[in-house]
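Have a look at the structure below, then the notes.
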Amino acid sequence: MASKGERIDGLDALRGFAIFGILLINIQVFSGWGFVSADTRQALTWSEWDEPIATWLDILVRAKFYSLFSLLFGYSFMMLAQRVQHGPVRYHLRRMLGLLVIGAAHSLFLSPWDILMLYGVMGLFLGAFLNVRAPTLAAGGVALLVFTGVALWFAPQLGLADLGSGISLRLLQDNVPALSGGSYLEVVEANAYLSVSVFLDRIEHLRPLRVLAMFLFGAAAARLHLAERNSGHVRLLVAVALVGLVVGTALAMAEVKLGEESLAHRVVNLLGGVGAPPLLAMGYGAVLLLWWRGRGRLTGAVRSALAPTGRMALTNYILQSAVCICVFYGMWGDRFASLSLAALMLYSTVLFIAQMIFSAVWLRLFTQGPLEWLWRWQMKRKRPRLLRTEA
């Protein structure tokens, strides 16, 4: 078991891996590629690669890496709760309120597709699970996903489907043009409206329940110390890896490939939409944790390369938004809707490599990322050490 205050490289590396997957999806909206017509896309350089890339992103990445990030959030919650000796509930509440403030600022000034506000809200419920055992936590996660699936299945019959779609779509159509050619103040105003659009979409698809389910799965994993190399549970990790990757990929492929409108399509679409992201997220996590338990040179190199980026996950997540709006929005870089998906994947890879280098250099000089430092200051109500040379 990790001692108090000790970092777990495997957990940090998983966060870094998740941050990269999130960038691969988010860049599609920041760049404008996700909003333009098929004809416009076909005119872009390297566009012949876009269709297969988009298909595999939908199968393997979209919603899966956010689910992995949510899983890791739940793990960190339980790990921190076990380390905090006095007032863990109050500490957790301050932590979530701080995350809410950071998320609100991120949503308004940088990215209306922010996930931090949702984490802050749903994270408030985690305080009720501080003393719950791993099997109960996992069962709670399963129950939430089953309820989500049942609710989404019956929503059309009850007239509850698409209640917010019209408003959400109209807000999207009215405000995206400001991103491509507006001033920064116009972008901020558009972000406010787009945040409402994103909120309505997430409520309609019961995203908060899915996020809470992943929090509970992560908390259960923390109870078992699965991210620690000497914790055992190898058979459990192998089982999760096999089931998660095989079943999750099959469901995701069926959801993407089965195009006809039929009862079978509805069933597969529901199972793929609700089941594939958590299954693949857990599968990815289990495979990488198993690999990183090894002692090989490549294993250690990959883990060590990703870990600094994961230690600064909050900073890097928001930094991605800042860099993207500087490059793509009309007020600065003016590259909105000008790059194919293939080009965006290359750009994302270059940006992430730059973040890996930046994170490694930063953490040689400082104890934590700048936003992590501010967040910890707010949580502990005492300025933590930032420079490594500080006494």
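Glycine residues also receive a Cβ, built from the backbone N, Cα and C atoms like all the rest.
Database features, via TrEMBL:
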TRANSMEM  12-36  transmembrane segment
TRANSMEM  65-81  transmembrane segment
TRANSMEM  93-109  transmembrane segment
TRANSMEM  115-132  transmembrane segment
TRANSMEM  137-155  transmembrane segment
TRANSMEM  209-227  transmembrane segment
DOMAIN    222-379  domain 'DUF418'
TRANSMEM  234-254  transmembrane segment
TRANSMEM  274-292  transmembrane segment
TRANSMEM  313-332  transmembrane segment
TRANSMEM  344-366  transmembrane segment
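With a cut-off of 8 Å between Cβ atoms, the residues of this chain six or more beyond the transmembrane segment (137-155) that come close are 129, 161, 205-206, 209-210, 212-217, 219-220, 223, 266, 270-271, 273-275, 278. Against the transmembrane segment (313-332), stretch 93-109 has more CB pairs under 8 A than any other of 93-109, 234-254, 274-292.
Cβ atoms under 8 Å from those of the transmembrane segment (274-292) belong to residues 9-10, 13-14, 17, 60, 63-68, 70-72, 141, 145, 148-149, 152, 210, 213-214, 217, 221, 226-227, 229, 234, 237-238, 240-245, 247-249, 251-252, 255, 299, 302-303 of the same chain, restricted to positions at least 6 beyond its ends. When the stretches 12-36, 209-227, 234-254, 344-366 are ranked by Cβ pairs under 8 Å to the transmembrane segment (65-81), first place goes to 209-227.
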